[in-house]
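Asks: This is the structure I have questions about; it appears just below.
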Amino acid sequence: MPKLFPYLFLLFTIGFGWFIIAPLVPILSADFYVSIASVILLISIYGYAVVLVGLLAGYISARFTVRNVLIASSIFTFLGLTLRLFFLHNFFLFLIMQTLAAVGYPLAIAPVGSVASSFKNQRTVTGLSVGILFIGMGVGSFISPLLLTFGVQGDLGFATVLSLISLALVLVFTRGYPKNYTRNLRGSFSPLMVRNWYVGLVIATFSVFFGGVASTLLNVHHVPNAVSFGGLLGGLSFVGSGLGAAVLLPIFEIKKFVKGGMILSAFLAFVFAIVISYSLLFAPENFVLIVSYFLYGFFGNAFWSLALSSVIKYVKDPTLSGFATSMYSVVSNLGVALIPSELTLVFLSFPLEGFLVISVMQLVALALAWWL
């Protein structure tokens, strides 16, 4: 496992640098003199990066080896997280630097299968890698309000320090990583795959949206310590996401309860999405939000992971599942890229309509769970 540490630290750093911004949304909006939706774009840009760079990253890895693509990911992450510190009063340039950092995300995720292939427990390593990314997102959201003691620059600068350490670890300790990249994008399309892709889009989108909008909506309701509490909620959601897939999927598989587990996870994700939306929009209750954020992440990501696993059944030959699984990730992140900033405007201006949008989209995902 020491061999895996540099890769896990890179994923943690990416997640941390990504969501350290979430609790700062209202502060950055005031500092940049831009709308809340514009600041949410700083979070959504990671989704755009996966959509635009994700599939290309596979070919880059195949051409330049796994180690080289991880070095490239580390460099993009370090440069983006460092340079954004110099543009805290220029939103456009800050966005460009944030985009630079975001490119490191798909480059790091693309070779996860190849990295895992060099270990005996491949599924465990893959699940651990994705879980560490989520935990990094959660810790970034948790700790960001505490770091505000050092100002916004000091807060964001903590992510820069982590990215420098990550770059050093990847440069020094990844020489033994596999040289060949095993991703295969071959495969045929089945219209039934769209159902799975929809589920992936809904869960990924709302996980990011709820984490990004918490501080802003709490501030609207004049909740004390809205920034700190919003950071706590976002952190709980992503820690729940990391634990959900790691804990529930093995249990469902051992108990031969995969189908029932998917429906149960879908139902509970629907329930807690409704509770979060109603509470944020109309009646914020601290305890209700704390429990709901964690459990939405816990059951939502279990549902997301089960829907990803079931997409393979539409492919006759498992070796030809690359297109289906790759597009699942791309569509999920397309939702992350496009929906949160627009939905934020709806939540702020038309609360009831925003509540209905969340309710209907989650309800459709629940209905689809019976046929996945």
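Each position is counted from 1, following the chain as shown.
The backbone N, Cα and C atoms fix where each Cβ goes, and this holds for glycine too.
Below, the features straight out of TrEMBL:
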- 3-372: domain 'Major facilitator superfamily (MFS) profile' (DOMAIN)
- 7-26: transmembrane segment (TRANSMEM)
- 32-57: transmembrane segment (TRANSMEM)
- 69-87: transmembrane segment (TRANSMEM)
- 93-116: transmembrane segment (TRANSMEM)
- 128-150: transmembrane segment (TRANSMEM)
- 156-177: transmembrane segment (TRANSMEM)
- 197-220: transmembrane segment (TRANSMEM)
- 226-249: transmembrane segment (TRANSMEM)
- 261-281: transmembrane segment (TRANSMEM)
- 287-308: transmembrane segment (TRANSMEM)
- 320-339: transmembrane segment (TRANSMEM)
- 345-371: transmembrane segment (TRANSMEM)
Asks: Would you kindly list the residues that approach the transmembrane segment (7-26) from elsewhere in its chain, counting only those six or more residues past its ends and only Cβ-Cβ distances under 8 Å?
Replies: 36, 39-40, 42-43, 46, 70, 73-74, 77, 80-81, 101-102, 104-105, 108-109, 115, 128-129, 132-141, 143-145, 147-148, 152, 155-156, 158-159, 162-163, 165-166, 169-170, 174, 177, 211-216, 219, 226-228, 230-231, 234, 238
Asks: Quickly jot the same-chain residues contacting the transmembrane segment (32-57) by Cβ under 8 Å, restricted to those at least six beyond its ends, or write none.
Replies: 18-19, 21-22, 25-26, 69, 89-91, 94-95, 98-99, 102-103, 105-107, 109-110, 185, 204, 208, 211-213, 216, 326, 329-330, 333-338, 340-342, 344-345, 348
Asks: Can at least 3 Cβ pairs under 8 A be found between the transmembrane segment (261-281) and the transmembrane segment (197-220), with each pair 6 or more apart in sequence?
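Replies: Answer yes, regions in contact.
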Asks: Looking at the stretches 69-87, 128-150, 156-177, 226-249, 345-371, which one shares the most CB pairs under 8 Å with the transmembrane segment (197-220)?
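Replies: That would be 226-249.
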Asks: Taking only the residues in the domain 'Major facilitator superfamily (MFS) profile' (3-372), give me the average pLDDT of this model.
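Replies: A mean pLDDT of 87 is what the predicted model shows over the domain 'Major facilitator superfamily (MFS) profile' (3-372).
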Asks: Which sequence-distant residues neighbour the transmembrane segment (69-87)? Criterion: at least 6 residues beyond either end, Cβ under 8 Å.
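Replies: Distant contacts of the transmembrane segment (69-87): 6-7, 10, 13-14, 17, 57, 60-61, 93-94, 97-105, 107-108, 110-111, 153, 156-157, 159-160, 163-164, 166-167, 170-171, 174, 177, 181.
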Asks: Using a Cβ cut-off of under 8 Å, list the residues of the same chain at least 6 residues beyond the transmembrane segment (128-150) that approach it.
Replies: 4, 7-8, 11-24, 27, 109, 112, 115-116, 157-159, 211, 225, 227-228, 230-239, 241-243, 245-246, 297, 301
Asks: What else in the chain is close to the transmembrane segment (226-249), if you only count residues 6 or more beyond its ends and a Cβ gap under 8 Å?
Replies: 15, 19, 22-27, 127-128, 130-135, 137-146, 148, 207, 210-212, 214-216, 218-219, 261, 265, 286, 289-290, 293-302, 304-306, 309
